[in-house]
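**Q** Annotation source TrEMBL lists transmembrane segment at 103-124, 136-156, 192-211, 217-237, 326-347, 367-384, 405-425, 457-476, 488-509, 533-552.
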Amino acid sequence: MDNPLVSLTDTVDGAVDYRGRPVLRSNTGGWRSSYFIIGVEVAERFAYYGISANLITYLTGPLGQSTATAAENVNVWSGTASLLPLLGAFLADSFLGRYRTIVVASLIYILGLGLLTVSAMLPSLSTPDYIDANKIMLRSTCQLQVILFFLSLYIVAVGQGGHKPCVQAFGADQFDGLDPEECKAKSSFFNWWYFGICGGAAVTNLVTCYIQENLSWGLGFGIPCILMIAALGVFLLGTRTYRYSVKGNEESPFLRIGRVFVAAVKNWRTNPLPIIIEEEAHATLPHHSSEQFKFLNKALLSPDGSKEEGKVCSFRNIEEAKTVRLVPIWVTSLGYAVVYAQISTFFTKQGATMDRTIFPGFEIPAASLQFFVNLSIILVIPIYDRIFVPIARAFTRNPSGITMLQRIGIGMLFSAICVVVAALVEMKRLKIAEEYELVDMPNVTIPMSAWWLLPQYVLSGIADVFTVVGLQEFFYDQVPIELRSVGLALYLSIFGVGNFLSSFLVSVIEEVTSMDGKNSWFADNLNRAHLDYFYWLLAGLSAIALAAYVYFAKSYVYNRKSTT
């Protein structure tokens with residue numbers, strides 16, 4: 001018979017099992033549950049990168065779009081896919097819960113992938129005989145293909161909007177932050193989480209991109225669809241082992257935070273003395289962010305000066321509202337996101353003009369060069385987690401080796417170096433095209449090995465290990481517990497807005513540099529384009545963003561003592 005005392009001490013506060021009963025630490029959560037969750041995320045990343053990695057090739061190839069238009073479409077879709085998690089996270093944290101949101105989002109994802117596969121198979125109707133005999137029907141089929149393709153593409157974006165913020169938050173929920181051992185495991189979870197999804201992305205960059213360009217686009221889109229169906233089944237198998245966060249009867253955190261801002265604005269003329277007294281009354285509470293955004297402390301009093309319950313905001317509500325201090329970090333991270341957007345667009349088009357022969361008779365697809373981003377991440381994360389962190393911990397006494405903001409900043413520096421290297425390589429590529437008189441022969445391969453691109457891909461991967469993982473952990477940790485899905489959605493929105501900014505830059509530069517009939521920086525003939533100028537512009541923007549980031553990061557105060 002179980003010892004009731006042991007069972008009581010083994011329970012996890014704030015969590016229940018799939019039947020709503022208190023959960024035991026010994027047989028739920030932890031790595032045993034995380035493996036199921038990491039598995040479904042690996043499949044989702046395989047599916048996502050199976051689309052995004054080679055999307056610009058599909059748009060400029062079968063759909064016949066120009067390089068600039070295709071790059072804009074890729075950026076807009078990627079941006080939308082990265083912003084929709086804000087809506088998905090809101091629905092999960094306020095209504096559905098993370099588990100249900102993941103299941104529903106996965107079904108939407110599968111629907112989108114299925115329709116995408118069908119749209120890619122429609123051109124198979126367009127044989128030469130069919131074209132001659134049925135031109136009107138062909139035109140109708142092509143229009144249907146384009147409509148169905150973009151419709152399915154954005155259905156996938158909607159599916160990712162619910163899937164992406166919830167899966168990672170649900171995975172981190174499997175570790176109890178109040179337990180010393182599980183707390184360490186949670187920090188490690190973010191590293192190995194990214195390791196797993198980069199493994200999935202690496203495989204799809206090699207396998208799916210090759211299938212799409214050499215066998216069939218329909219098959220290349222169909223494989224991710226099948227994998228997502230299998231992954232959903234695996235996720236459901238772990239249902240009995242998961243820990244589910246308990247939602248209290250409190251009102252929505254969004255309403256609590258909104259009420260603080262409303263009260264602070266109403267009290268902006270309030271005599272400061274009562275507010276100072278209230279601040280001193282709460283001075284012993286362990287909140288380290290209290291000195292920032294002190295104007296919100298005006299919400300401690302009601303407009304009539306009373307402290308009647310229900311009319312004033314609690315100190316806890318005010319601390320929740322002070323998550324607005326994340327905004328400067330969010331804004332200054334956008335420079336990194338704009339550079340990140342180039343990997344699946346102009347880096348790929350750059351590689352398409354170069355010699356990609358691995359051995360006689362075999363040429364690697366340009367999109368598959370992104371494999372080296374994922375490979376560098378896969379190699380660097382174990383080194384970071386098992387070697388760098390213990391060494392840094394010995395010097396800093398910080399459980400994570402370095403702080404989250406330090407980690408993010410180091411990655412931003414690598415990103416700036418990456419785009420500088422990309423500019424130098426592009427200058428050399430243009431010089432070789434001129435030397436061999438290939439400037440006006442865009443379909444002829446430049447006699448320059450694609451291995452010249454390896455440094456910029458590797459630097460991008462190293463930057464991701466620091467900045468992307470750091471941002472994930474930062475936005476998960478520094479928001480109220482009830483808003484952790486929203487926190488991760490805010491992290492994703494950095495890349496969404498970054499993609500939109502990239503699209504805006506491309507659109508404006510295309511318009512300005514193509515005036516008077518000149519070749520733009522993004523001309524379809526890349527030998528007459530100037531991607532190098534664009535990369536130098538991004539390098540300058542990255543330097544400015546990094547300087548601003550360092551300024552705000554130095555004054556940032558973490559909201560928990562245990563936070564690194």
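Including glycine, each Cβ sits where the backbone N, Cα and C put it.
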**Q** Sequence-remote contacts (6 or more beyond its ends) of the transmembrane segment (103-124), Cβ cut-off under 8 Å?
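**A** Counting only partners 6 or more residues beyond its ends, the transmembrane segment (103-124) has Cβ contacts under 8 Å with 40, 44, 47, 51, 58, 62, 88, 96, 141, 144-145, 148-149, 151-163, 166, 216-218, 220-222, 224-225, 228-229, 231-232, 235-236.
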**Q** Do the transmembrane segment (405-425) and the transmembrane segment (367-384) share at least 3 Cβ pairs closer than 8 Å, excluding pairs fewer than 6 residues apart in sequence?
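**A** Checked: the transmembrane segment (405-425) vs the transmembrane segment (367-384), no contact.
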**Q** Which sequence-distant residues neighbour the transmembrane segment (217-237)? Criterion: at least 6 residues beyond either end, Cβ under 8 Å.
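**A** Sequence-remote neighbours of the transmembrane segment (217-237) are 36-37, 39-40, 42-44, 46-47, 50-51, 54, 58, 62, 102-103, 106-107, 109-110, 113-114, 116-118, 120-121, 123-124, 204, 207-209, 211.
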**Q** Using a Cβ cut-off under 8 Å, which residues of the same chain at least 6 positions beyond either end of the transmembrane segment (457-476) come close to it?
**A** 168-169, 172, 187, 190-191, 193-194, 198, 326, 329, 333, 336, 339-340, 343, 347, 369-370, 372-377, 380-381, 384, 404-405, 407-408, 410-412, 414-415, 417-418, 421, 484, 487-488, 490-491, 494
**Q** Same chain, outside the transmembrane segment (367-384) by at least 6, Cβ under 8 Å from its Cβ: which residues?
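**A** Here the qualifying positions are 49, 53-54, 56-57, 191-192, 194-195, 198-199, 201-202, 205-206, 209-210, 213, 343-344, 347-348, 351, 356, 450, 453-454, 457-458, 460-462, 464-465, 469.
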**Q** Would you kindly list the residues that approach the transmembrane segment (192-211) from elsewhere in its chain, counting only those six or more residues past its ends and only Cβ-Cβ distances under 8 Å?
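**A** Hits for the transmembrane segment (192-211): 38, 41-47, 49-50, 53-54, 168, 171, 219-220, 223-224, 364-365, 367-371, 373-375, 377-378, 381-382, 385, 461, 464-465, 468-469, 472.
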